[in-house]
Each structure stands twice: as structure tokens, then as C-alpha cells.
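Enquirer: The structure that follows is given in the form of C-alpha cells.
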Amino acid sequence: MATVNTDATDKDISKFKVTFTLVVSGIECITGILGSGFITAIYGAEWARGKTLPTGDRIMLMLSFSRLLLQIWMMLENIFSLLFRIVYNQNSVYILFKVITVFLNHSNLWFAAWLKVFYCLRIANFNHPLFFLMKRKIIVLMPWLLRLSVLVSLSFSFPLSRDVFNVYVNSSIPIPSSNSTEKKYFSETNMVNLVFFYNMGIFVPLIMFILAATLLILSLKRHTLHMGSNATGSRDPSMKAHIGAIKATSYFLILYIFNAIALFLSTSNIFDTYSSWNILCKIIMAAYPAGHSVQLILGNPGLRRAWKRFQHQVPLYLKGQTL
């Protein structure tokens with residue numbers, strides 16, 4: 001059985017690393033919570049009023065709500081792992097954090113992949129029978145695909161609660177050349193089971209996202225070149241919109257892949273718990289959902305208008321409270 005063993009002491013992490021990790025990841029998580037919470041509130045209010053949400057808005061509602069839960073959970077995990085290490089390294093607590101983190105991340109990766117597939121089918125233009133078939137069927141199938149994604153995420157996340165992680169704390173490790181002792185945190189990770197369940201849960205949405213993003217970029221680039229050949233000019237608003245969409249899609253394709261890699265490295269304990277590499281993984285994992293939520297607001301005219309109204313109303317509300 002292939003296992004990865006790590007150990008750490010309280011001396012292995014400096015106050016600077018603790019502060020840096022909490023501040024940077026905290027800013028990212030709070031940004032993501034505000035962005036995801038705003039999108040959830042806008043679409044959730046429409047759904048609560050009995051309105052039928054369009055397919056794209058429905059995907060964004062589920063994606064934003066799951067991200068809201070994810071980033072709250074990530075903040076809690078960072079606080080416990082850095083400030084309450086004895087509690088965090090109890091086996092049941094540690095496994096709970098890991099399993100729910102993987103489940104929420106898998107769900108987010110699925111929802112993000114379906115959103116990219118939906119936009120690709122709606123915007124891109126390819127003369128292929130399969131593409132036309134998917135374009136016609138996607139609206140009917142999407143509610144079932146979203147439900148199936150949650151079930152798949154559950155199926156490949158909760159088995160991680162058995163025979164994958166084992167952590168414990170030894171509070172009586174003798175310090176050489178001293179009569180005192182120190183706490184040492186040990187972790188064991190069954191890499192065979194982790195790699196199997198993690199890859200099974202992430203492989204399909206990762207391939208879907210890469211294919212959909214690549215097809216969307218190719219279609220937009222082809223259309224942009226066509227517009228350029230017709231001498232519409234690089235300053236044309238439509239041309240700028242296409243170039244902006246290509247850049248945004250390329251950026252989040254790269255960040256999506258990095259997020260998937262960072263999640264695996266962080267979960268597998270390949271790096272020491274308090275190493276700079278593990279801290280970098282935590283920062284990347286918090287950056288992707290936060291950045292994508294902000295981009296969704298800025299790139300959606302309806303959400304952008306709602307955000308401007310919100311910004312205008314908050315000062316008025318606060319002013320009324322002080323009177």
C-alpha cells in the first residue's frame with residue numbers, strides 16, 4: 001500500500017507564514033463570498049419569487065451557491081489548520097474537513113464545466129451533427145446533468161472518509177539536549193485510494209472544461225479574424241468584446257487546471273503541512289473561485305447593473321441608519 005507520511009511541529013511554521021496565509025487566503029475567500037453571495041442572492045430572489053430561471057442563470061445559481069459554501073468552508077479549514085492545530089489534527093475532524101473540501105471542489109468543477117459547455121454550445125458555431133444535436137438537447141438535459149454531477153461528486157468524495165487519511169498528535173516528543181518535550185503532528189495518506197477516487201471525480205469535468213473552453217476560443221478567434229478581414233477595425237466594440245472573451249476564457253482555463261492540481265497536492269499531503277508549497281496551494285484554491293465569481297459579475301450585463309444598484313443603495317442605507 002503506497003502511503004505518504006509527513007510530520008510537523010509548531011516550530012515548523014512561523015508567525016509570518018500564519019499571518020501571510022490567513023491574510024491572503026482570507027482576502028480571497030471574503031472576495032469570493034461577497035461575489036458568490038451576491039450572485040446567489042440575485043438569482044435566488046428571482047427563483048423564490050416563482051420565476052423560471054433560464055438555463056444559464058440556473059447553472060450560475062448552483063455554481064455560486066456551492067462556491068459560497070466552499071469558500072466559507074475553506075476559511076474555516078485555514079483557521080483551524082493554522083490556529084487550532086491540535087483540534088484540526090484529530091482524525092475525525094481532519095477527515096471531515098478533507099472530505100467536504102473535496103466534495104465542494106468537485107461540485108464546483110462540475111458546475112463550472114457545465115457553464116462553460118452551455119456557453120460554448122450557445123456562442124460557438126461548428127458544422128458538425130453532434131454539435132447541433134447537443135445544442136438542441138442541452139436545455140432539456142441540463143437539470144438532470146446538474147443533479148447527476150452532485151451525485152457523482154458525492155460518490156467519489158465520501159469514500160475518502162475510509163482508509164485514506166490518518167492523522168494523530170504526539171504531545172511527548174523529547175527535544176534533543178533538553179529536558180522538555182514538544183508536540184508533533186503526524187499524517188498518513190493512502191495515495192492509491194486517493195488518486196483513484198480523486199481522479200475519477202475530476203477527470204470528466206476537467207476534460208469537459210478544457211474541450212469546451214478550447215472550442216469556444218477557436219470559434220471566437222475564427223470570428224474575430226473574419227471581422228478583421230472585413231476591415232471592421234480593432235476599435236469596433238464587437239471586436240473588443242470577442243478579444244476580451246478570448247482572454248477571459250484562456251485565463252480561467254489555465255486557472256481551472258491549476259486549481260485542480262492544487263486541490264490534489266493539498267489533499268494528498270505530498271508537501272509538508274506548513275511548507276511554502278502547501279501554502280501556495282491554499283492560495284491558488286481560494287483564488288480561482290473568487291476570481292471567477294468577480295468575472296461572472298463583470299461579464300454579465302444584468303449582474304453588472306444589479307451590482308451598480310447595490311453599490312448605490314448601500315451608502316444610502318448606511319446614511320439612513322445613522323440618522
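Indices start at 1 and increase along the chain as displayed.
Cβ from N, Cα, C; glycine included.
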Enquirer: Which residue does Swiss-Prot record as N-linked glycosylation site, given the choices Asn105, Asn170?
Expert: Asn170
Enquirer: Among Asn179, Asn230, can you tell me which residue Swiss-Prot lists with the annotation N-linked glycosylation site?
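Expert: Record lookup, Swiss-Prot, feature N-linked glycosylation site, residue Asn179.
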Enquirer: Is Leu216 placed by Swiss-Prot on the same side of the membrane that Leu96 is on?
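Expert: Judging by the topology that Swiss-Prot records, the two residues are on different membrane sides.
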Enquirer: Measuring CB to CB from Asn170 (N-linked glycosylation site), give everything in the same chain under 8 Å that is also at least six residues away in sequence.
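Expert: Lys183, Lys184, Phe186 - these are the non-local Cβ neighbours of Asn170 (N-linked glycosylation site), listed in sequence order.
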Enquirer: Can you see whether the transmembrane segment (101-121) and the transmembrane segment (15-35) are touching - at least 3 CB pairs under 8 angstroms, only pairs 6 or more apart in sequence?
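Expert: Contact between the transmembrane segment (101-121) and the transmembrane segment (15-35): absent.
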Enquirer: Do at least three CB pairs under 8 A connect the transmembrane segment (59-79) and the transmembrane segment (277-297), leaving out pairs fewer than 6 apart in sequence?
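Expert: The transmembrane segment (59-79) and the transmembrane segment (277-297): touching, yes.
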Enquirer: Between the transmembrane segment (15-35) and the stretches 59-79, 141-162, 248-268, work out which stretch tops the count of Cβ pairs under 8 Å.
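Expert: Stretch with the highest Cβ contact count: 59-79.
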Enquirer: Please report, as numbers and ranges, the same-chain residues at least 6 past the borders of the topological domain 'Cytoplasmic' (122-140) whose CB is under 8 Å from any CB of it.
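Expert: Cβ under 8 Å, 6 or more out: 55-56, 215-216, 218-220, 223.
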Enquirer: In the same chain, who gets a Cβ under 8 Å from the topological domain 'Extracellular' (269-276) while lying at least 6 residues past its ends?
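Expert: Counting only partners 6 or more residues beyond its ends, the topological domain 'Extracellular' (269-276) has Cβ contacts under 8 Å with 4, 6, 8, 12-13, 17, 81, 185, 187, 189.
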